[in-house]
């Protein structure tokens, strides 16, 4: 912590983004609540979700190319400024008692586009302002903020809606983007070496794509982190709800199970921050094993109390896997290609999540829920074998056993 605490650029980035992340969690509750209250239509809510995701997927290739140029600070600032203005406009409409789903969806499209530019720029920035030794701990702090925001954000959002107004939720998120923008003014991002000749967008995009495919380590990390994990964990909310109906957990039980995931992930980020992790890929493997074991046990021992315990272990695994895979990505990717590599992974993740949700929902009509948990757990734990191919030296059995003994 002492090293990170002395890193002024990291503290600037962390403070601005921490406030923004918390604001996002508050706003998301307000957004869903507003659309359902005003329209009462699940179809309208679904269209708004599409407006939140599809534009980003389409823009990510361009955003990744731009994020690899020395304009990362400008991308972060513009994205924050535009999002602050959009939130202020929506808040103003709501304060005046005016609601238009078309305007809301248009704003969501703009927000989605700004997110597409912001995320790869941020991902490419963190490894430039942190050394290799502090990168994992820095990522753990961001993970901690995301998880604590996911727990407290909905509570604060619900409080604001109840005692103030729905407009206050959007206004607060706009303020969080403004604060992030102000902090970004003082951010100094090291420049990366660029090619002297000016290549076209198509050339840069293809270069990044072939770079990812050619590097086996990046390719297999993308397959595991961007496809397999997202595909098989995406249906969890659906499976939990179906299980609650089958075993009579009720909404309270669902809430406890969902909370246990966040608490587990929170504890995982704390453990990584205070621990001494020598190998990020072994951390990722530990996370995958925890995730798989948690789902397998959920299939074998159904019940509210076991689910709370097992899904807490699942949250711990999610934290380990996401930080381990994400940090490994950052460490093995060249400085001038991180934006594009991040965009490819984000595109796959964004496309995989809805497909995984549909697949899980489909299986509930044909297989017992216990079998689905077992199947998904086996597949996720089995994904470790894919990482063994490119990371053979780091994942020798004796090395993995030594890692578990020294860290757990």
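Just so it is clear, glycine is given a Cβ too, placed from its N, Cα and C backbone atoms.
Per TrEMBL, the listed range annotated as transmembrane segment is 369-389 (candidates: 138-158, 369-389). From the options 193-217, 218-242, the stretch TrEMBL describes as transmembrane segment is 218-242. Model confidence over the domain 'Major facilitator superfamily (MFS) profile' (1-192) stands at 84, taken as the mean pLDDT rounded to a whole number. If you count C-beta pairs under 8 angstroms between the transmembrane segment (254-274) and each of 218-242, 307-332, 369-389, the highest count goes to 307-332. If you look at the transmembrane segment (344-363), the same-chain residues 6 or more away from its ends with a CB under 8 A from one of its CBs are 53, 56-57, 60-61, 64, 119-120, 208-209, 212, 222, 225-227, 230-236, 238-239, 329, 372, 376.
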